[in-house]
Structures are given as structure tokens and as C-alpha cells.
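Worksheet for the structure shown next.
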């Protein structure tokens, strides 16, 4: 039995079981390691899994109800596109069906531990499931170069970069703004859009019309009464979307109910996760302080725990017609977003907090992201089609498959650009790229460590 077969025998059942299985096992084991005791560790593992299960169920329900409206809107616009959006879940399955997935997971864990013990990250990543994104990036490079070693080295660089960006976002207090203390959001380089949103927010601060960030759900509720309540807001957006899609009046009402349901129930599920995470994160923080000389670490989790935010959900629905319109008006656009359209709420999580949950500012930022994503799709779609074909998907000649989730995942673009220019750049080019990334992020980390030491010294005095 070779190395791949051993890993396949051990990990295939785990990967095939999906994220909920991983969440339960990982958080239960972490609970045991940080001395919560068997009963409390299992109980917290179960409750965190229950909360995430609720989030996934309601998100799936939300996607199922919004998708027909998005399809109807696309049909009303008309148009013919070469590539079909088959959704992020299909590409996650392609990722975990590849033997390279095992190596990417091992490399990601190894890089994380190395960075913790060399004081280069404050994040202990427990979100193993979302390594599918780094795996797809690895498969893009492997498909373009045929060099597995280069592809895996690139995945190690991505793990480093992802952890540094997750740290940055958490240290800015954006995860805490959602109510999650001691937590960082780890989802590939998707979190890099948090950096984009941070600087767009600084620009919006300089514009009088958007500088005050007052158009929050709380402001709307205070100003307009019940209209600002999540259920009513969901109903209004559902009605507008249903009418725009040309639905029969009964279907419009059902869409109103569906969106109201999502806006009301998702925060409740996020609350369950939040409550169950508290004892684990507190025990983990205490344990790591003992082992690392007093350092405080963030627990890296799936940002799905924050999708129940009203600003995030409202933006998700408002962006449906906008993204469809962009596909038709931007020259060269290769596909219309469909399967992934409602799932883009996982990106908007990183945008809402830097904009202080102002719905207007968040909407403006996501429109800019939509424009960028539409242009990026022109380059990324052929690479994603290549990955799908290499993993056994049959695709008709002259057509292709893609994922709009992937159009907003920078690591796919970076992987494709490097892989496409491999004959020119070669391994030395990758070494230079890694050196630049490590030195740049390392310099930022050193500044952070220096600031933390100064802060600790001031407190001691």
C-alpha cells in the first residue's frame, strides 16, 4: 500500500462526511486537549455542530429559494454565455477527490504550527474544510505545469498568506464587531476582501454622503419602525425580487416568507455557535498562554457563523440583480452567475464590518467587488474548467464550467497567472514570489509584535 492509499484510507471517510463531521471532531478534540473534560468537550463539540448545522440548513434553504428568482431574472435579461456556473460545492468535491488534497491539508497544518511557534501568527486554524480552496489553486498550477512539487510549494505559501490576512482582519477588531471575541475568520484568501473593504471604507469616510455610516439595520428600525425589523426587511426585498423576476403573486409571497425566514433564523443559529464557542475559546486561550509564554491566540473558524447579520443578508439579495446586470453589460463576460449567486454572502461577511454595518456603504463596496469579479471571470473560468475536466467531469466542446465563488477567490487568479507563465518564471520565479510575500508579511508582523510589547510594557507600568 503506497503513501496515497494510506492517506486515502484514513482521510477519505472524513472528507466525504463533510464539514459538520470535521467541526464536531475538531472541536471535541480541541476541548479535550485544553482540559475541558470529556463530557464538556463532547457537549461543546455537539453544540457548535448544532449551530453550524442550523446555519448550513438555513443557508441551503435560502439558496434554494433565491436561485429560481436569480434564474428568472437572468432569463428576462437574455443572453448566451460560454461557461456555466455550477457552484462552489462542485469544485469542493473536485478538490477532495484529488490525492493532492491530503498533501495540502498536511502542509496547511504544518505551516500553521510552524508560524505559531515562531510567533508569526496568532491564529490556530480549525477550519480544515475550507482547505478545498487552496487545493483548487494547487490543482490549477498542477494542471498548467504538470509539476506537483511546485504546486504544493505554492499551497504552502497560500497557507502562510491566509493566516497572516486572517490575523490582520481579527486584529482590526472586525470579528469582534460580529460579537466573536478570540475568533478569526479563516476561509482561504477570501478574507483578503476584508483588506479591500477596509481601504474602500476609508475612502468612503472622506465622502460627505457616506462618511457617517448611519444606514445600519438599527438605524432603519429606529427611523422607520417595523420596516427595519429583519422579517419585514426580508419580506420587502423578497417582494421586490419576486416582482422583478416576473413571479406569479403567490410565488412572490412565498419568496417574501422565505427571505424573512432566513433573516430571522440565521442570527439565532449564529447565537448558538457563539455560546458554544465561548468555553472552548476561553479554555484554548488559557492553555495556549501556558504553552506560549502568555500569548493570546485566535481560533480560526468558518465565517459562516457571521452570515446571520442583517446587513450581510440584505446585501446578498440586493446584489443578485446587480451581478446579473454586470454580466450583460461588461464586455467579454463569459458567464452569468447562477448557482453561486446567493452563496456570495460568505464574501460579504468580510465587507460589512469594515463599513460599520452600514447597508449603503456595504452595497457600494460589493458592487465594486462584482465589477472586479466579472472581469476576473474572463481569466479564471478556463482554468476552473481545466480542473473539472482533469477530475473527470465531461464538458461539451466549446463550453466550460466555472464558479462565481472562484471568480472572487484571489488565490485562483494568482495560481493561474503563475501557472500560465511557468515556462518563463519557473521555480526561481516562485521562490522570488514567496520571498516577497514572506518578507512583506513578516515586516508587518514584526511591527505588530513590537506594538504588542510596547502595550504590555505600558500596562505593566
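Note that Cβ sites are derived from N, Cα and C of the backbone, with glycine treated the same way.
Annotations in TrEMBL come from automatic prediction, not curation.
Model, not experiment: these values are computed from the prediction.
Quick look at what TrEMBL annotates:
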TRANSMEM  14-34  transmembrane segment
TRANSMEM  46-64  transmembrane segment
TRANSMEM  100-117  transmembrane segment
TRANSMEM  137-163  transmembrane segment
TRANSMEM  231-249  transmembrane segment
TRANSMEM  255-277  transmembrane segment
TRANSMEM  297-319  transmembrane segment
TRANSMEM  325-351  transmembrane segment
TRANSMEM  363-384  transmembrane segment
TRANSMEM  425-444  transmembrane segment
Worksheet item: Are the transmembrane segment (137-163) and the transmembrane segment (231-249) close enough that 3 or more Cβ pairs fall under 8 Å, when only pairs 6 or more apart in sequence count?
Response: no
Worksheet item: Of the listed stretches (14-34, 100-117, 363-384, 425-444), which one yields the highest count of Cβ-Cβ distances below 8 Å with the transmembrane segment (137-163)?
Response: 100-117
Worksheet item: Which sequence positions outside the transmembrane segment (14-34), separated from its termini by at least 6 residues, show Cβ-Cβ distances below 8 Å to it?
Response: 40-42, 44-46, 48-49, 52-53, 56, 96, 101, 126, 128-129, 280, 283-284, 286-287, 302
